[in-house]
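What Swiss-Prot says about this one:
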type     : residues                                             : note
BINDING  : 29, 30, 31, 32, 84, 85, 86, 87, 97, 98, 99, 100, 124 : substrate binding site
ACT_SITE : 106                                                  : active site, proton acceptor
């Protein structure tokens, strides 16, 4: 059976090898990003790597500080490179993100970066079933029931995310997450615009035209894909199939 944790680690370690001293690095959130933080922390300790990290969640910031990474909460310069995971990736390089509830900060950091690298295991690139992972939408608490009903006009199977104890999940920004269960998504640009046009919606976990490279870990190493000018992901040497 595939070792998905090993795959995540392989993707994270390969992407981390692109980080150089002096860079400001956007640090993602989630299980794969944890391996990134571990590797960056190792390089800080063993290789004297000097970087500043901009974290996309309080949890990632906590892990990064513990790993010895210097944190910059509001950098004056543009972020050189953001490395983050994804819940799903299609063949156009569009991402579904927000499974960990940090989609707003993740999008802000990625948007303000020179480049964004995505680290995933071998399950995550799935064009045919893109949208089978629920699409997270961050909404403000004020009149959230009305916002939820407006989202249900687009996708009837939409519910507010809850914690294991039944309480509503609250983001680091004090907002709620609505998960939209489409099953399949095709017109990602139009869908993003439609959802964001609803008052009460802060942002949506569709990342269009943001990713530059995809690092897909496998049991033996890592495949690297670039998002071409044609809007397709391609192997750095040869077409993705």
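A Cβ is built for glycine as well, from the same backbone N, Cα and C atoms used for every other residue.
Checking each of the binding-site residues (84, 97, 99, 124) against residue 106 (active site, proton acceptor), the C-alpha distance stays within 10 Å for 84, 97. Minimal Cβ crowding within 10 Å, among the binding-site residues 97, 124, is found at 124.
DSSP assigns residue 106 (active site, proton acceptor) to a helical segment in the three-state reduction. Spatially close to residue 86 (substrate binding site) yet at least six residues away along the chain are 95, 96, 97, 118, 120, 124, 207, 211, judged by Cβ distances under 8 angstroms. If you draw a 10 Å sphere around the CB of residue 84 (substrate binding site), it holds 31 other CB atoms from the protein chains shown.
For residue 99 (substrate binding site), other Cβ atoms within 10 Å of its Cβ number 21. Classification of residue 124 (substrate binding site) by DSSP places it in coil, neither helical nor stranded. Counting every protein chain shown, the number of other Cβ atoms lying within 10 Å of the Cβ of residue 29 (substrate binding site) is 29.
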